[in-house]
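Data first, discussion second: the structure below is written as structure tokens.
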Amino acid sequence: MEIQFLGTGAGQPSKSRNVSSLALKLLDEINEVWLFDCGEGTQNRILETSIRPRKVSKIFITHLHGDHIFGLPGFLSSRAFQANEEQTDLEIYGPVGIKSFVLTSLRVSGSRLPYQIHFHEFDEGSLGKIMETDKFTVYAEALDHTIFCVGYRIMQKDLEGTLDADKLKAAGVPFGPLFGQVKNGQDVTLEDGTKIIAADYISAPRPGKVITILGDTRKTNASVRLAVNADVLVHESTYGKGDEKMARKHGHSTNMQAAEVAREAGAKHLLLNHISARFLSKDVSQLRKDASSIFENVYVVKDLEEVEI
Ligand SMILES: [Zn+2]
């Protein structure tokens, strides 16, 4: 799986950074792409990637500020114009109000979609586990911003161990039903009396990945809870070192606070986004450098950049 950043800027677009959106590409796992936030122009950014809008099956919204949702009506409408492709339904998860925003935009613009949107709205009282399939569970928790805003913790379920076919062949097991039995965890006995213990030929289950994607927020314990042992934490960094007071006032975080969250949570990688246009490229290098004094494995992402998880 990969994360591809579609917009990494804060508040308004600049030439190099569009407003918030990222794609969690789960093509190998479930042949789907999940979008997190959808700022204005997200569909234009998608055109510069290999992402096919029809593959976007779920959209998770962190909060209702314009730079996180104004791209929805355009994206949803364009998704309908995929000739010769089957129209598939879409799920939208987000704070109460997202349904009315989307439906109003579509209605007043006379837009009719040939697919269904299923809305899953939540407020402070209905958070926790918001989605579960056989492969993934998604949790949401309220953060601390100027309006209701959540962070998401996406947990992949543990992956079954795989059969070492070469080792099994070397042990004298012929291809066929016996192979299948060992694969299913059954011990078997060969014609010559050799006992084959299935567990010796199947690798241990691999733990699923944990990805934490936060919306805009001040430093808060909820961020740490959502990011516990995460393989990747995506955290905003609207402000830089020394601007903690300003960050607090405007409901945001600094790079240093993001690094503290990653360290306290025991996350493996920290990716900083929601970067203000005030920062020139040398400032962006400094953002990373300063944050790395607290949490070493930190990186400031750019638009269209793809990160393997
Ligand atoms: Zn915001």
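Each residue, glycine too, has its Cβ placed from N, Cα and C.
Curation plays no part in TrEMBL annotations; they are all automatic predictions.
Using a 10 Å radius centred on the Cβ of ASP216 (Zn(2+) 1 binding site) and all shown protein chains, the other Cβ atoms total 27. Look at TrEMBL and you will find HIS63, HIS65, HIS145, ASP216 tagged as Zn(2+) 1 binding site.
Other C-beta atoms found within 10 angstroms of the C-beta of HIS274 (Zn(2+) 2 binding site) number 29, with every protein chain shown included. As annotated by TrEMBL, Zn(2+) 2 binding site applies to ASP67, HIS68, ASP216, HIS274.
TrEMBL lists ASP67 with the feature active site, proton acceptor. Residues near ASP67 (Zn(2+) 2 binding site) in space but far in sequence (CB under 8 A, at least 6 apart, same chain), listed by position: ALA10, GLY11, GLN12, VAL19, SER20, GLY39, GLU40.
Looking at HIS63, HIS65, the binding-site residues in this record, the fewest other C-beta atoms within 10 angstroms of the C-beta turn up around HIS65. Among the listed binding-site residues, namely HIS68, HIS145, the Cβ with the most fellow Cβ atoms inside 10 Å is that of HIS68. The secondary structure of HIS145 (Zn(2+) 1 binding site), as reduced to three states from DSSP, is coil rather than helix or strand. Rounded to a whole number, the C-alpha distance linking HIS65 (Zn(2+) 1 binding site) with HIS274 (Zn(2+) 2 binding site) is 13 angstrom. Same-chain residues that are not part of HIS63, HIS65, HIS145, ASP216 yet have a Cβ within 8 Å of the Cβ center of the Zn(2+) 1 site turn out to be THR62, LEU64, HIS68, LEU143, THR146, ILE147, CYS149, GLY215, THR217, GLY251. Classification of HIS65 (Zn(2+) 1 binding site) by DSSP places it in coil, neither helical nor stranded.
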